[in-house]
Amino acid sequence: MKIFTAALCLFIVQIMVILVLEYRRPQRAIAWLFLLFCCPPLGLLIYYILGRDYRKIRKLKAHPAATRRALHDYAAERSRIITRTEDTGNPELTGRKELLHLLDGLSESPVTGRNASRILVNAGEAYESMLQAMESASEHIHLEFYIFRDDATGERFQDVMIRKARQGVKVRLLCDGLGSRKLGRRFLRPLASAGVETHFFLPPLASLFGGRFNYRNHRKILIVDGLVGFTGGINIGDEYLGKDPKMGFWRDTHLRLEGDAVYFMQHVFLKDWQLVSGERLSHPRMFPVHGCGGDEGVQIIGSGPDGDIDANQAMIFAAICAAKSRIWIASPYFIPDPAILRALKNAVLRGADVRIMIPSKPDSALVYYASLSYLDNLLDAGVKFYRYRKGFMHAKVWIADGLLASVGSVNMDMRSFYSDFELSAILLQPQRIEELADQFRRDLEGSEAIDPDLFRQRGKLARAAEEICSLLSPLL
């Protein structure tokens, strides 16, 4: 009886802890309570490991204000910052002062005007462009990836890193401790011998009981000499070339940038590097004067649980609200928060063409069924969904009218919005926006529209799986 009473008291305490700490986020509270009821003995332990709010952990917010200002100032003083809609080069943005003002307020990185971008479709094209840029390095190479594999693709990048390091180029590699956990000594020892500095972001064992395990660095960044930058959805591994027989063809989108925006990608990398290594690299040579003659408007938005604003979520929400004619989204995962759901429905009511492309095959059954749980409601509202059939859809792209488009690491899910460190490039140039729209149309040709009536006829077992997974969706 005493054991039962003690267990009951512990269970009640667990419920109270979750309700107190998650009162501002009722969806998360429900998800954690569901998990607690499913496995009471482990509920509080799992919550301690995965559920605590990063913003309350001051130790990992250790970016001195002086360092942040120095990095920002070096980047800003060399950039042409756009403050008027007339200077964006996008007629659709002319007069939309409120949107430009919002962009400026969302991020430490302003909208800049001297940029040249190139859309890289799929990993084959992206890797060749990235490796070519690395070969041209004379000062430094900065790499930051969620996943870096020890496979044939990883070895290609390893070879270039070693060769350039031996030539005197400073090479820094930052990998997520969970996503790149399989990188072992066989891969890392030759890098260290050549002088490549490698660090891991929150290794699993070190972060397990510090309330930080759940927060991952999902960014994909490559910067060469502070002049050329790459970001998007592509990590480093053979599967991105379609060599994983389970996933098959891998559809992805990456971006090559030159110009002002690269300074602000560098800004993000240097902050992350300082976070994991303790090394401050706030030196002007990290922000060399570029000779880019491009005139494209680009903004870099970094977001993460250490920020005061969930910047990428706010950006997507604002773009959906601003769109009048179309919102097109491609994402491997679709677990939106209530604000995004409401915004998508409102966009349809305004007459906008809202299309969302998701994979037809999952890389995670739990996340896949959680994604499907949102479709009924949105299909009824008039949102059009498509399953990509040619392979696995991993691109993270959205397009809002001819106003804005985004390429980056941000999935359309609550993990990307609130838990992970992410990076996106917001494109304002009409030609580049339309190029992404053309690619979206080509992807539609390899997709199957989800018929609302047929979707409603799916079996009870599938519905039950979706409902169970949807309860956990705020944690996924």
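Each Cβ is built from the backbone N, Cα and C atoms, and glycine gets one as well.
TrEMBL entries are annotated by machine, without manual review.
Here's what TrEMBL has on this protein:
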type	residues	note
TRANSMEM	30-50	transmembrane segment
DOMAIN	213-240	domain 'PLD phosphodiesterase'
ACT_SITE	HIS218	active site
ACT_SITE	LYS220	active site
ACT_SITE	ASP225	active site
DOMAIN	389-416	domain 'PLD phosphodiesterase'
ACT_SITE	HIS394	active site
ACT_SITE	LYS396	active site
ACT_SITE	ASP401	active site
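Known features from TrEMBL, placed on the structure.
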{"residue": "HIS218", "record": "active site", "Cβ within 10 Å": "26"}
{"residue": "LYS220", "record": "active site", "Cβ within 10 Å": "26"}
{"residue": "ASP225", "record": "active site", "Cβ within 10 Å": "20"}
{"residue": "HIS394", "record": "active site", "Cβ within 10 Å": "26"}
{"residue": "LYS396", "record": "active site", "Cβ within 10 Å": "26"}
{"residue": "ASP401", "record": "active site", "Cβ within 10 Å": "20"}
Proximal residue to ASP401 (active site) among active-site residues HIS218, ASP225, HIS394 (C-alpha distance): HIS394
Rounded distance in angstrom between the Cα atoms of LYS220 (active site) and LYS396 (active site): 12
Rounded Cα separation (Å) that holds between HIS218 (active site) and HIS394 (active site): 13
Distance [Cα-Cα, Å, rounded] between HIS394 (active site) and ASP225 (active site): 28
Residues in the domain 'PLD phosphodiesterase' (213-240) grouped by DSSP into helix, strand and remaining coil: 3 helix, 12 strand, 13 coil
